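Scroll down for the structure; my scribbles are underneath it.
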Amino acid sequence: MPSTNRSTPGVSAGIADRLPKWLVPNLSGLNMVALFIALLLIGLLLVPVAQVMIVAFQDPATGAATLQNFLDFFRTSLFRESFWNSFYVSAMSVVVATAIALPLAYITTRFHFAGSVLIQSLGFIPLIMPPFVGAVAMQLIFGRNGTVNLLLRDYLGFDIPFMEGLNGVILVQSIHYFPFILINLSASLRNIDRSMEEAAQNLGSHGMRLFRRIVFPLAMPGYIAGAALVFIKVFDDLGTPLLLNVNNMLAPQAYLRISSIGISDPMGYVISVILVVFSVLSLWASFLFMRGKDYATVQKGGGGMAKRNLKPAEKMLAYGVVIFILLLVLTPHIGLTLLSFGTIWSFAPLPDGYTLQNYVTMWEGSKSFIMNTLLYAGIAATADVILGTAIAYIVLRTNIFGRKGLDYLATAALAVPGVVLGIGYLRTFHSVDVPFVGEPLASWWVVIALALMIRRLPYALRACMAALQQVSLALEEAAESLGATKKRTIYKIVVPLMKGGLLAGFVTSFATAAVELSATIMLVSSNQDAPLAYGIYLFMQTPSGRGAGAALGVVAVLLVAAGTLASQVIIERDKKAKASADMH
Amino acid sequence: MNLKHLFFSSLAATALAGGTAVAEGSITVITSFPDSMTGPIEAAFEAAHPEYDLEVLNKKTSAGVKYIQEIASDNTADIFWASAPDAFEVLKSDGMLDQVQIASEGIPDMIGAYPLNDPDGYYFGFAGAGYGIMWNERYLKANDLEPAREWAELADPKYHGHVGMSAPSRSGTTHLTVETVLQGDGWDDGWAKWKWIAGNFSTVTERSFGVPDGVNTGSFGLGIVIDFFGFSSKASGFPVDFAYPTITALVPANVAVVKNAPNQQGAIAFVEFLLTPEGQSVLLDPAIMRLPVNPASYANAPEGFPNPFEDSTIGASVKFDVEKSGARYNLVNSMFDVMITYRLDDLRSAVNAIQKAEMKHADGDNAEAKALIAEARGLIEANPIDEATSLDPDFAAIFTKKRRTASDTVEGRQAEVEQEWDAMVVENYRRARELAEQAAAL
């Protein structure tokens, strides 16, 4: 491993160079970066969360340190049941999300298929809807008296409980989070070296066997990264179960107990600790699974796997599958669009009438929400990709002490319920005044961007990790043996090869940050600083504001979708450029 | 380039916003009221007092209370403005509110049977609200149902699976509804009534707005809501209506000045404005529809709008005891969650089994079935604690954990107590269902 180097990697040049040598005489640039990131994570994640979580270890009556609360947790049948429900829902969501993502990823990367770019982008859109908005729209379409069930009952005399209890949570979660698998799996499939596949074909493998033995295992890093994200996100997610009024799961139990008026029940905090610990364990399990397997391909394959043409019958089938899946996953958006143009929609398959008034109402009061969202999510996602690349490089390419800790710490942000982070920030930063601005840090708008950055860092990090895992060390060593410095190698070899993954990370972070609500709702200290999701939330709190809220939701989706499509186009163009370069 | 430009202009706009937020004359209001309510009031206030700029910050009541508690060390909020008097009681007892002198004219002392203002002068009622039943006309028609107008009617088997409500631990207004029935009917009968109604629930929503939303969209047919949700939904064109049951309390929605308010003078001006005739008349805006506390304002009300100062049947039958409610506030929330919210499936199936058994033996001839059903009903109605225990300050302290001094200790832990209740409730519901099924088989 060429990791004992003393040179400075590209991403860290600025910070490391500016620090005086005498301050840290024996640390290399890379070590400095690691230290800086560690401090950042401790200050913005560990300390605020610890401020809240310490309650779990305190005797509520005396304030003394105790583990009694944890005993209570395991003695309470409701909590044991909640734990099992959360586990079941998370596992089932991974299964259903895989069933949705795998065909989309495989068909679009493996075959010449018209509209692959469009499908990849459309497939991503479910992620960019605030969970509460998604649940509202899903209820309108699939709910007990939603469009589908009203029609079924009228014409066929029965209905299907899509949205009842845990089933509803699994359905909504799978549709909401499958893009994590899709985006990571597609990136992996694209990066598979064609020569691997050709070698297998030369040796006589084809069809399902080729997929099962060669293609899928090679795409494993992306799949596992995506599946682990889905599992953990579903395990920790609050919004969906709450909106479907399912309480017997862990995250809602924690939230309900922390946020009730005047209640200071320690069990909410205990559950938060358990959520964090369990998520870290799941991640550790996914690392164990990946350990000792080398997935790097020597050559960044000539545009990924060989694409082939589909026979007419296959093409029909493929289109059928893709259209069915897209219809299913775009249901929330179809519902939202109808709602935004509808007048009154009550116990009917469709709205009573259509109007543009909702957009007028929305536009009058929402410009600042949109601007703020672009600003906050932009800052957060940019910072996330930079931090994510740095952490991925440190973890995978160096042996700096405690490097795994960085990864775990950054990823643990996934496990922190937004409301806990929000309360933690208020507690930690309220007494810290920002220089020159003269406000407490907790009510300065930048803190919202910081919270988003921490909350979305794990997404970018997973994408960066998967991207770097597929860059062969041999390429770097080749560059270095040809005389390139470490910095130049990272800048000219590693980062360009990771470009697709980095962009995926940026888009994931940006899109999900743009619709985040649970932490921001605690931190917004004036309506002028409020982001979009908060605006939608405000509209949706009134009977007359539903349409306008939906209109703002549509704007949010379009905005982020445009960004996603643009980055997809860049990835494709990049890939084509490389492919044609290979030809010469 | 365009995007970049957008970013920078946004940056500039945000920086500017940061600048004006602390300018002279700005009043920061923490409120649970929706934009559609705060908007018109803000406009009217700023027109009447151009020297002030109202900065409205919307948070759920519980989050608002938490926010004010968290920022207390360096307070930036001037006004707390919300429905539930309980939330104000919590803030008052934590010393987060300011005792101020408010000048107003023509405002009575009581609305219904409820004192309008805090006797110690920490918070002030500015509008009335009562709890009642809201229903969706289309839904009821499709299911061939009549609207329910009294709480007890909601327990009728024909409404099984058609009723929605929020949990009192989630919504301060719902807590008042629950407590009102407990005080109006008595502890045991009150809880029994809630459990029979809950047996007909379609869902327990997480937010109080989830109930009118569910009725508006037709997810369920009837909802237990605060009146203005019903009035404003109807005013927005939804096919819904609303009725006050006999046992309901009219309670004021309140406003208070936060302790150490950065703009105390502005805060007082805002509270005073709310109580002026112009401030009161804004409440009749179709999107707001709250009951003004100034009787003179009803002259401009639309036809059919209830006037509690003339119609003495609204909210008069229960004298709401704030102290009693405050003493067991968290305990009642916890009991509701343990018995209803978290065990809704068990309760629902037990109640359904009993309804079926009763339907089968409607004539009451089968003595054995009758006895089984009576036993099953008794199991559903059994409460883990009696009223005296609920009012015992030592027991209630388990649920508040607010240690006055470091040396105070509280016996017992909430999780421990809740697990005991949960075990009892789950077993009772299971047994009740079993008995009812036996009775139905006879």
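Just so it is clear, glycine is given a Cβ too, placed from its N, Cα and C backbone atoms.
Under the heading transmembrane segment, TrEMBL lists A:33-57 (among others).
According to TrEMBL, the domain 'ABC transmembrane type-1' annotation covers A:83-282 (among others).
When Cβ-Cβ distances below 8 Å are used as the criterion, the transmembrane segment (A:87-107) is approached by residues 113, 119-120, 123, 166, 169-171, 173-175, 177-182, 185-186, 189, 211, 226-227, 230-232, 234-235, 241, 249, 318, 321-322, 325, 328-329 of the same chain, each at least six residues removed from its ends. Positions annotated as transmembrane segment by TrEMBL: A:87-107 (among others).
The transmembrane segment annotation in TrEMBL covers A:119-142 (among others).
The annotation transmembrane segment is assigned in TrEMBL to A:162-185 (among others). For the transmembrane segment (A:162-185), the list of distant contacts is 85, 88-89, 92-93, 96-98, 100-102, 104-105, 120, 123-127, 129, 131, 134-135, 138-139, 142-144, 146, 148-149, 219, 222-223, 225-227, 229-230, 233-234, 237, 240-241, 244, 246, 249, 328-329, 331-332, 459, 462-463, 466, 504, 507-508: same-chain residues at least six beyond its ends, Cβ to Cβ under 8 Å.
Counting residues 6+ beyond its ends, the transmembrane segment (A:214-235) has Cβ neighbours under 8 Å at 86-87, 89-91, 93-94, 97-98, 101, 173, 177-178, 180-189, 192-193, 196-197, 200, 205, 250-251, 275, 278-279, 282-283, 286, 289-290, 293, 295, 297, 305, 414-415, 458-459, 462-463, 465-466, 469-470 in the same chain. Residues or ranges marked as transmembrane segment by TrEMBL: A:214-235 (among others).
The transmembrane segment annotation in TrEMBL covers A:269-290 (among others). Residues 49, 52-53, 55-56, 69-70, 72-73, 79, 83, 220-221, 224-225, 227-228, 231-232, 235-236, 250-251, 253-254, 257-258, 408, 411-412, 414-417, 420 of the same chain lie 6+ residues outside the transmembrane segment (A:269-290) yet bring a C-beta within less than 8 angstroms of a C-beta in it.
If you look up TrEMBL, you'll see A:317-348 (among others) marked as transmembrane segment. Long-range contacts of the transmembrane segment (A:317-348) within the same chain: residues 100, 103-104, 107, 111, 113, 119, 122-123, 125-126, 129, 133-134, 136-138, 140-142, 145, 147, 150, 175, 178, 310, 354-359, 546-547, 550-551, 553-554, 557, each at least 6 residues beyond the stretch ends and with a Cβ under 8 Å from a Cβ of the stretch.
The transmembrane segment annotation in TrEMBL covers A:368-396 (among others).
The domain 'ABC transmembrane type-1' annotation in TrEMBL covers A:370-567 (among others).
What TrEMBL records for A:408-429 (among others) is transmembrane segment. Away from its own ends, the transmembrane segment (A:408-429) comes close to residues 37-38, 41-42, 45-53, 229, 232-233, 236, 238, 251, 254-255, 258-259, 272, 275-276, 278-280, 283-284, 387-388, 391, 440-442, 447, 451, 454-455, 457-458, 461-462, 516-523 of its chain (Cβ-Cβ under 8 Å, at least six residues beyond either end).
Annotated transmembrane segment per TrEMBL: A:441-458 (among others), in sequence order.
Annotated transmembrane segment per TrEMBL: A:502-524 (among others), in sequence order.
What TrEMBL records for A:548-571 (among others) is transmembrane segment.
Residues 124, 127-133, 179-180, 183-184, 187, 238-239, 373-374, 376-378, 380-382, 384-385, 388-389, 417-419, 421-423, 425-426, 442-443, 447-448, 451-453, 455-457, 459-464, 467, 495, 530-534, 537, 556, 559-560, 563-564, 567, 570-571 of the same chain lie 6+ residues outside the transmembrane segment (A:502-524) yet bring a C-beta within less than 8 angstroms of a C-beta in it. The transmembrane segment (A:33-57) shares more Cβ pairs under 8 Å with A:368-396 than with any other stretch in the list A:119-142, A:368-396, A:441-458, A:548-571.
Within the chain, the transmembrane segment (A:119-142) has long-range Cβ neighbours (under 8 A, six or more residues past its boundaries) at 101, 104, 108, 113, 148-149, 162-163, 168, 171-172, 175-180, 182-183, 186, 237, 239-240, 243-244, 322, 325-326, 329-336, 338-339, 345, 507-508, 511-512, 514-517, 533, 536-537, 540, 546, 549-550, 553, 556-557, 560-561, 564-565, 568.
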